Amino acid sequence: MNNQQLLLQIALWLLLYVLLLLYSSLPELDNWSFAFGKSTIPMLSYLAVVYLNAQFVWSAFRSRQQRLWYVILSIGLLVVVGFARMTAEYYWLNRFLAIRHFYDFSSRHIIFTFVTLLVAYFFGILLQAALDYMTLLKKQEEIKSQQLQAELTLLKAQVQPHFLFNTLNNIYYLAYRKSDQTVDVIAKLAELMRYFQTESVKEWVPLTTEIQFIRDYIELETIRIPNGLRVDWCCEGNPDSITIPPMLLMPLVENIFKHGVDKSKSDNWTQISLFIDDTFLRFETRNPIALRSTDVVGTGLTNLAKRLTLLYGSANCLTQQQVNNQYVAQLQLPLFDYK
């Protein structure tokens with residue numbers, strides 16, 4: 001039971017007590033002691049059946065094998081509390097104040113006592129069932145959240161081996177050619193791996209950090225292209241105050257080198273556009289489709305689509321299309337949740 005639920009229950013009980021006190025005082029305006037006893041004793045009995053049931057008896061109801069014990073314990077609880085209430089009413093209201101009423105263990109007194117206790121008892125059952133249901137929902141949400149977090153962690157972890165495999169291919173290519181750039185590339189790789197160690201483990205990273213990582217990655221990948229790669233950057237809006245989950249933009253850039261570069265050509269190019277508005281971010285890559293490419297939708301984009309669904313649900317928009325022998329990938333993310 002959280003603090004909000006506790007305060008709500010206290011407020012409801014206080015309201016009920018005030019109503020009982022007002023009702024009890026109407027016929028005896030000149031005797032507030034009688035009104036106090038007439039309202040307080042039943043109120044204490046209601047509290048007893050509700051919370052003794054919740055604390056000690058209700059657990060038996062949860063087990064099918066103990067349902068009979070629950071009925072027996074419930075009857076016993078009602079009898080004990082009812083007898084205690086009638087005894088208190090008898091001595092307080094009849095004898096102590098010398099007021100002759102029906103608080104004398106008469107049939108009317110007994111019936112009235114147990115009917116009101118049954119009403120309170122069933123209210124307690126409904127209250128406990130509602131609390132159990134809310135607890136169950138909370139546990140289910142926690143389990144679901146843990147499962148989603150585990151799946152996100154797994155998907156994020158899959159990005160690193162994929163990236164490392166591609167980069168090691170670059171280093172192998174340079175080492176095979178005995179290139180003087182090999183040492184510089186290894187140093188660049190160390191910088192990128194530092195990003196994985198310090199930034200990719202976070203839930204959110206600055207967009208500027210992600211952009212710099214992409215620039216470093218492009219520089220590293222371009223080494224393998226004999227005639228180089230022309231990269232046209234276009235950025236509209238201010239990325240300084242924006243944060244996004246790490247490695248969300250990277251799969252679109254990886255796809256450029258995997259499916260959009262033909263090393264036999266001298267005019268390889270790609271266009272990368274970033275548009276930032278008050279409510280959303282749009283990242284777009286555009287490149288010619290290489291003849292050797294048969295499937296431009298790589299595993300990185302499939303992985304990305306799964307991550308986006310877990311992170312944003314239907315609020316994200318990832319599209320891929322071929323237009324005039326060009327492959328265009330576009331990712332749009334909402335910004336209002338984390339600006």
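Placed from the backbone N, Cα and C atoms, the Cβ positions cover glycine too.
According to TrEMBL, the domain 'Signal transduction histidine kinase internal region' annotation covers 150-227. Per TrEMBL, the feature transmembrane segment maps to 43-61, 68-88, 108-131.
Within its own chain, the transmembrane segment (43-61) is flanked in space by residues 13, 16-17, 20, 67, 69-70, 73-74, 77-78, 81-82, 84-85, 113, 116-117, 120-121, 123-125, 127-128, 131, which lie at least six positions past its ends and keep a Cβ under 8 Å from the stretch. Secondary structure of the domain 'Signal transduction histidine kinase internal region' (150-227), assigned with DSSP and counted as helix (H, G, I), strand (E, B) and coil, comes to 60 helix, 2 strand, 16 coil.
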